[in-house]
Amino acid sequence: MSTGLSAMSFYTPHRYIELAELAEHHGIDPAKFSKGIGQEKIALPGHDEDIVTMAAEAAKPIIDRYGTDGIDTLLFATETGVDQSKSAGIYLHGLLGLPANMRNVELKQACYSATVALQMACAHVARKPDRKVLVIASDVARYDLDSSGEATQGAGAVAMLVTANPTLLEIGTVSGLFTEDIMDFWRPNHRRTPLVDGKYSALRYLNALVEAWRDYQANGGKSYDQFSRFCYHLPFSRMGEKAHRHLAKEVKTSVDMDQALPGMIYNRQIGNSYTASVYLAILSALDNSDEDLTGQSFGLFSYGSGANGEFFDATVQEGYRDHLFDARHREILAERSPVSYEDYIKLWQARSGADGENTVMPDEAAGRYRLASIDDHKRIYTDRNA
Ligand code: CAA
């Protein structure tokens, strides 16, 4: 029996700032962003959007198509949690009307925790093949204004349905693992934005990739030439290009960038989505291929600062196209609109509720779910259709 993904769906807010606009404001060459870091747009949540509303938008199409039968666990992975105690998954549970008899927990380790959630989910459905797990990766990547990380902001969520005998992607049982205690990117509890040693983080990312790859090989993983596609954690797409080149060097082969570029199409339009990023890359590779990918294997690298790396693999299942939401994904991206630099600043300053003041949120979300207010320290989420 195999385990893996039977459905994947993403959501990103409907506003963005063009990186060319940011470059103009800073008086720098726009090619630094379009070529140097390989990004075009930064997705911007409204004041009434956060990891919970994005997760609800991402998960709802899966629930509508497949129902809730058998789902007994919800694992919510995020770096941008909205509460120190309550799992964001419980707000999501309420918004989506999920069954009461299920587990529900939030997982944290920078951009990496969705991979732990996925592996735990696969282990669970291997033990109980009649059960399913909803894995959510949802994050708002927000850096200080005028910092070097500013151009690598973004926001998005990916929802995944993990089952036995999956219909979309079988997740391989071999993983290459790596952990080291470093300070490359972190966010102490008192901070809304991370502290980051940008250049160091990029170097540690590449080191973690090699270490995880070596461990993957030592554990009997597939060889490099068995993969048709590679999907990387993408803080910015140029990082994925560097990673792909670095891995090819490690295995002493010539680099074929066409194996990695399809995974970067969505990221260039959305920006960093932390935990969701490598899963957005998988969706990008699946949705944007005219070729039938049935039976092909993807090499996957997940990185979380602090730091962890995991190299693992997925194999595309026969009939996978029937389980994509590619039309919806294209529509979400096509219906977005750009904002001016001034409006970007207003959105960047969106209230977090950390000051404890009651706040009614302006109605800005394009989707069905929104954070209506923070009332007596409680986040009040609403469903427009309820
Ligand atoms: N035309 C073309 N290219 C240009 C250019 C121009 N006019 N101007 C500059 N460039 C190139 C530079 O040569 C450079 O290329 P190389 O990387 O090949 O040297 C690239 O654009 C970036 O320029 P800088 O190195 O000067 O950029 P920077 O220092 O201002 O910022 C960064 C880069 C440090 C990565 C910064 O974006 C950052 O701190 N980002 C946040 C941290 C991050 O994303 N780290 C990645 C690894 S950690 C991780 O993956 C976890 C996570 O999600 C955060």
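Every residue number used here counts from 1 along the chain in the order it is shown.
A Cβ is built for glycine as well, from the same backbone N, Cα and C atoms used for every other residue.
On the 0 to 100 pLDDT scale, the model's mean across the domain 'Hydroxymethylglutaryl-coenzyme A synthase N-terminal' (3-164) is 98. Residues or ranges marked as domain 'Hydroxymethylglutaryl-coenzyme A synthase N-terminal' in TrEMBL: 3-164.
For N272 ((3S)-3-hydroxy-3-methylglutaryl-CoA binding site), the same-chain residues 6+ apart in sequence whose C-beta sits under 8 angstroms from its C-beta are D139, A141, T152, Q153, G154, L234, P235, F236. Look at TrEMBL and you will find D29, Y143, K242, N272 tagged as (3S)-3-hydroxy-3-methylglutaryl-CoA binding site.
The C-beta environment of E79 (active site, proton donor/acceptor), restricted to residues of the same chain at least 6 apart in sequence and closer than 8 Å, consists of K108, A110, C111, S113, D139, R187, Y274, T275. Sequence annotations record features per position, and here TrEMBL assigns active site, proton donor/acceptor to E79 (among others).
TrEMBL lists C111 with the feature active site, acyl-thioester intermediate. The Cβ neighbour count for C111 (active site, acyl-thioester intermediate), using a 10 Å radius and every protein chain shown, is 31.
Among the features that TrEMBL reports, active site, proton donor/acceptor is placed at H233 (among others). DSSP assigns H233 (active site, proton donor/acceptor) to coil, not to a helix or a strand. Residue environment of H233 (active site, proton donor/acceptor) contains 34 other Cβ atoms, counted within 10 Å of its Cβ in all protein chains.
Residues or ranges marked as domain 'Hydroxymethylglutaryl-coenzyme A synthase C-terminal' in TrEMBL: 258-382.
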**OP:** Inside 10 Å of the Cβ of Y143 ((3S)-3-hydroxy-3-methylglutaryl-CoA binding site), count up the other Cβ atoms and send me the figure.
**Re:** 20
Original post:
Which residue, of the binding-site residues D29, K242, has its CB surrounded by the fewest other CB atoms within 10 A?
Top reply: D29
Subject >> Where the C-beta lies under 6 angstroms from ligand 1, the matching recorded positions among D29, E79, C111, K242, N272 >> reply: D29, C111, N272
